[in-house]
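A.B. asks: The following feature annotations were taken from Swiss-Prot:
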type	residues	note
TRANSMEM	4-24	transmembrane segment
TRANSMEM	36-56	transmembrane segment
BINDING	GLY75, THR78	Na(+) binding site
TRANSMEM	100-120	transmembrane segment
Amino acid sequence: MERWFWIGLGGAAGTLARYGLSTWCQQRFGAEFPYGTLAVNVIGSFLLGAIGEIAATTELLSPTLRLSLSTGVMGGFTTYSSFNNETIRLIEYKSWAAGLANIAITLVVCLLAGVLGMVVARRLIAG
């Protein structure tokens, strides 16, 4: 039951952080393109890559902390459903090019961010 609590608390923190960053991005860059969702997914991919690498190669994270950070915080922070909804809206109301650009940018940049997170974690662990 304790793990559920920490996952839920992490999820709440991640959701609030996502809302804050998405709102800031929309105010800063406008609402013509889903910059906020792209930002949270790229940052979340990087952090999840780092968390996964640290959990796999060290004993720095207890199983409960790992779940709280990965499933909780990163699960609440990142958002695949918003990515889907915003991409559909771009295609439906703006242009196919904007929707396809969102798909390509999100997939490529998030994968690269995840790998970069793993590499950075490895280097930090190695000293």
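Placement of Cβ uses the backbone N, Cα and C atoms for every residue, glycine included.
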A.B. asks: For a quick check of packing: other C-beta atoms within 10 Å of the C-beta of GLY75 (Na(+) binding site), how many?
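C.D. replies: Taking all protein chains shown, GLY75 (Na(+) binding site) has 19 Cβ neighbours within 10 Å.
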A.B. asks: Write out the long-range same-chain contacts of THR78 (Na(+) binding site), meaning residues 6 or more apart in sequence whose Cβ is under 8 Å from its Cβ.
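C.D. replies: Non-local contacts for THR78 (Na(+) binding site): GLY14, ARG18, VAL40, ASN41, GLY44, SER45, LEU48.
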A.B. asks: Look up THR78 (Na(+) binding site) in the DSSP assignment and report helix, strand or coil.
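C.D. replies: Going by the DSSP assignment, THR78 (Na(+) binding site) belongs to neither helix nor strand, so it counts as coil.
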